[in-house]
Amino acid sequence: MDIYEAASQGRIDAIKFAVEQGCDVDGPNEDGKTPLWFAVQSGQPEACRFLMSLGAGRGPQNPSLLEVAVGGGYADIVALLWPHCNAEREHRSLKTAISLGFHEIADFLIETGAFEYQDSEVSGTESLIEDGSPERESTVFQQWERFLFVRRGQKLPLHRVFFDYALLLATKAGRNAGLRLVEFLLGESMPDVNCKIMINGQFETPLTAAAEKGNLEILATLIDHPNIDLTICGKYNWPAFLHLLASPLSISTERGRVIARRLAYKAVYNRLFIDSREIRLQGAFQNVLRFGDDGLVKQVIDLVRGAAGTLILPLLIRANEVDGLTWVLNCDGVSSKKPPPAFWVLLCQYFKRYQDQDALGLFTSVTEFLVEKKIWNQAILKCLHACNFSFIQQFFYPLSEAPPKEVTEETLSPGFENLLFSNADLNGSDPHPNGLGRLELEIIPHAFFDDPSSAAQKISLRSALPSASPNPSNPHLYSYQMELIRLEQQNKRRLFFAGDTRCPLSWAAKSHNAPLVNALLRSPQVNVNFQDPSDRTPLLYAIAVNDRPIVERLLNHRDIDLNLRDAEGRTAIFYAAQGGDLSIVQLLIGTQNVDFSIRNKNGKNVKEFAKKAKLKQDIVAALSN
């Protein structure tokens, strides 16, 4: 047994033996822990006393032995260690005692009078802030509330930094739960309402913490305080205004927007609210685009200006800020971070709800520039000219990223419904692969695949452009072409080139696109038994990818033919057997329309094929029965 294990178990005889064998009574192990630390951590007061009598614990300890003892609730060990502690370095221990509910230990520490820091120099109290405070669960404020309310009316000999910490914990509690403690602390003038506390290497303040949590009631109380500084910055060096905007649903209500407007202010020029490692403004900008009104959008622009780089482009467009937009696009030093697709989707949803011709004209100007520079897909401009804000949303997502369900659902209606019941041929591949108006699928990029700030892409934006152009001469053909692009964009594959010979139904079946299969089967123009040059039908494609729901949907079609053969002579039952999905085999057999006499090009029927190929026994048995 080594000295560390002996200390942990409180074995004084073993500790003595280890020391006699030459062990260092204060020597750390490979993790930097001393024998005294193990005795404290395990709650062994006699072992602690014996080790200290041998000189242990004289040097600095990391972590603090007192904080370890407090964290375990060992009051007797706290009393033993206290005479050897430096109070200015033990403020975390007192915070821990109150936070964990060990209030008797907290009373013992406070009664020493050492935590009032009356004799401290200014630099000493600053060290309390720089040392930082422990991060705690959001419910810890309740322990501080109980501790302070029970001692209400007493003059606690504590330095202000402890009340500052209590105020911060109260503002960080979820759903305004800490409001009563906030009002009590401010009413008693205990804390500094503008205090800064280091948590996990980041400065936090009560105002910014409440904003980050979206605690509107607490925010209103803090804003009304006569000494509040609305420009003070906390985590990420952000003011409360940005933290509130980034909080989910914080500005979804009018009250939230009112408080956001009260928090807003104009920053000094060149003030950066982001660092070089990570753009943190996406959540704030997304909420503003979704819930903010024009005034709030402009307040964000006034605060952030060019510090967000291209990330702010959708906000500038919506606010019709021509000068700011021109500066961002022309600035060589602008951040190359691209706005996420959701920003552009929210901007399109804004145009769908409101007839903002000025902002739409500016959007068109920007789109023309980006299309001309081959930064954006030409389909975006076509959709803008047609004011088709539902259809346009898909094109802002890269091919490697499937658009959200709400985006793809909108593109199916109403244009696609019209297409289904038109006279267009929906069974062949693209009927006009090289015709006029055909978009070149080979060069469809992500909306921002390149940085528009290079010198070769300087622009001068007009304040407004006409937002509409003549409709396509053949709307059905135009819709069909656009839908083909939507399909390849949504499913991240470019299958509708001129050389692609699959019909849309086969493609949808193979791509597991059940909504599109259902939509196509509603059209009288769709041939459910269409065979491509390899004689494969949509049913064969669905079975090949083991998509049982789509197979079942196709089998329910009144015109389905289960016994069509591909170029190798294989029917649907061959595909199902080879695919190894017993449920699909049983589904086909259950129709009672399977022709088991059909032979493939090798002269084998499906039962003979299954035995020769040594397929699963359950498959062979199902076919034999």
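Note that Cβ sites are derived from N, Cα and C of the backbone, with glycine treated the same way.
Panel annotation: around the repeat 'ANK 1' (1-27), residues 33-36, 38-39, 41-42, 44, 46-47, 50-51, 54-59 of the same chain, lying at least six beyond its termini, place a Cβ under 8 Å from a Cβ of the stretch. Residues or ranges marked as repeat 'ANK 1' by Swiss-Prot on the basis of sequence analysis: 1-27.
The annotation repeat 'ANK 2' is assigned in Swiss-Prot to 31-60. The list of residues near the repeat 'ANK 2' (31-60) in space but at least 6 beyond its ends in sequence, with Cβ under 8 angstroms from a Cβ of it, reads 3-12, 15, 19, 25, 68-69, 72, 74, 76-77, 80-81, 84.
Secondary structure of the repeat 'ANK 3' (62-89), assigned with DSSP and counted as helix (H, G, I), strand (E, B) and coil, comes to 21 helix, 0 strand, 7 coil. Sequence annotations record features per position, and here Swiss-Prot assigns repeat 'ANK 3' to 62-89.
Long-range contacts of the repeat 'ANK 4' (90-119) within its own chain (CB-CB distance under 8 A, at least 6 residues past either end) are made by residues 64, 66-67, 70-71, 73, 75, 78-79, 82, 125, 128, 131, 133-134, 136, 140, 143-144, 146-147, 150, 156-159, 161-162, 165, 169. Here Swiss-Prot flags 90-119 as repeat 'ANK 4', drawing on sequence analysis.
Packing against the repeat 'ANK 5' (162-195) from elsewhere in the chain are residues 91, 94-95, 99, 115, 133, 136, 138-141, 144-145, 148-149, 204-207, 209-210, 212-213, 215-218, 221-222, 225, 227-229, 232: each is 6 or more residues past its ends and has a CB under 8 Å from a CB in it. The feature repeat 'ANK 5' is assigned by Swiss-Prot to 162-195.
Feature annotation from Swiss-Prot assigns repeat 'ANK 6' to 202-232. For the repeat 'ANK 6' (202-232), the predicted model reports an average pLDDT of 96.
Residues or ranges marked as repeat 'ANK 7' in Swiss-Prot (evidence: sequence analysis): 500-530.
Summarising the annotation, Swiss-Prot assigns repeat 'ANK 8' to 534-562 and lists sequence analysis as the type of evidence. Residues 502-503, 505-510, 512, 514, 517-518, 521, 528, 570-573, 575-576, 579, 581, 583-584, 587-588, 591, 593-595 of the same chain lie 6+ residues outside the repeat 'ANK 8' (534-562) yet bring a C-beta within less than 8 angstroms of a C-beta in it.
Through the fold, the repeat 'ANK 9' (568-598) approaches residues 537, 539-540, 543-544, 546, 548, 551-552, 555, 562, 605-607, 609-610, 613, 615-616, 618-619, 622-623 of its own chain, all at least 6 residues removed from its boundaries and within a Cβ separation under 8 Å. Among the features that Swiss-Prot reports, repeat 'ANK 9' is placed at 568-598.
The DSSP breakdown of the repeat 'ANK 4' (90-119) into helical (H, G, I), extended (E, B) and coil residues amounts to 21 helix, 0 strand, 9 coil.
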